[in-house]
Amino acid sequence: MKKNYYLMSDGILKRKENTLYFHNKDGKKPIPISKIYSIYSYGSLSFSSQAVHLLAKEGVPIHFFNYYGFYDGSFYPRETLLSGDLLIKQAENYLDHEKRILIAGKFVEGAAHNMQKVLSYYKIENGIGEILNDLGSCREITEFMNVEGRIRAHYYEKMDLILPDGYKMEGRSRRPPENMINALMSFGNSLIYSTVLTEIYNTQLNPTISYLHEPSERRYSLALDLSEIFKPILVDRLIFYLINKKMLQEKDFERDLNYCLLNDQGRKKSSKNMMNA
């Protein structure tokens, strides 16, 4: 069975026949190509051209993350599951305003539904449903984004009712995150985005044609659309679990005056638990 591999340290990826080897300060680790679904690199990674050839041949993407744990980019092998018919339909649904806003609304509804599920699990009353009712009057994508933003702001306020003292979110901060919960959320969201991108690669969908987020150069915006649905149940539930069970503590974070980040130990704990979510 194939699985995701997480490379948390600096190293070099080399190939010998049909096996990749990850070389780092601790030695050499074999990774049979037949066992790899995708690779996530959180350190400085170098790789040989032969390793790239093998990854491309087997259709294995690599996702790269920067010092802050944010998604930087991907090695995206040449697509093999191509469908001109589906590409045309994707584009038609984007260009047809009525179809686009229908699809965009479903992404907002899906994300809101999962936020409600998370809060209901912890018996937290919320007004997400009332805000969601405003979708019915939305006619422009900016209006859908506004409703989605209001729902998230309300949801983030309620999250602090679940988190213990010392670990409050106190609003969303991103680049860079200002506290432990924001650091953990940014790390998890980047991981979900790249995971969704891998799944899109294994379909005939084009990752650059999206409906809620505006398509633009240099980003796979369909992955942004789809990630919105999964963040509450895969990232936020994990945050509550790791913090409330004291599986992540202050020692797992690196703090400075203007930012807070997961350290190597924190990233390993988080990615390991997310793999099993």
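Placement of Cβ uses the backbone N, Cα and C atoms for every residue, glycine included.
Taking a C-beta cut-off of under 8 angstroms and a sequence separation of 6 or more, E228 (Mn(2+) binding site) has the following same-chain neighbours: F107, V108, G110, A111, E148, L212. The Mn(2+) binding site annotation in TrEMBL covers E148, H213, E228.
Highlighted in sequence order, F107, V108, A111, M145, L212, L224, D225 have their Cβ within 8 Å of the centre of the Cβ atoms of E148, H213, E228, the residues recorded for Mn(2+), and are not part of that set. Counting only residues at least six positions away in the same chain, the Cβ atoms of S221, L224, D225 sit under 8 Å from the Cβ of H213 (Mn(2+) binding site).
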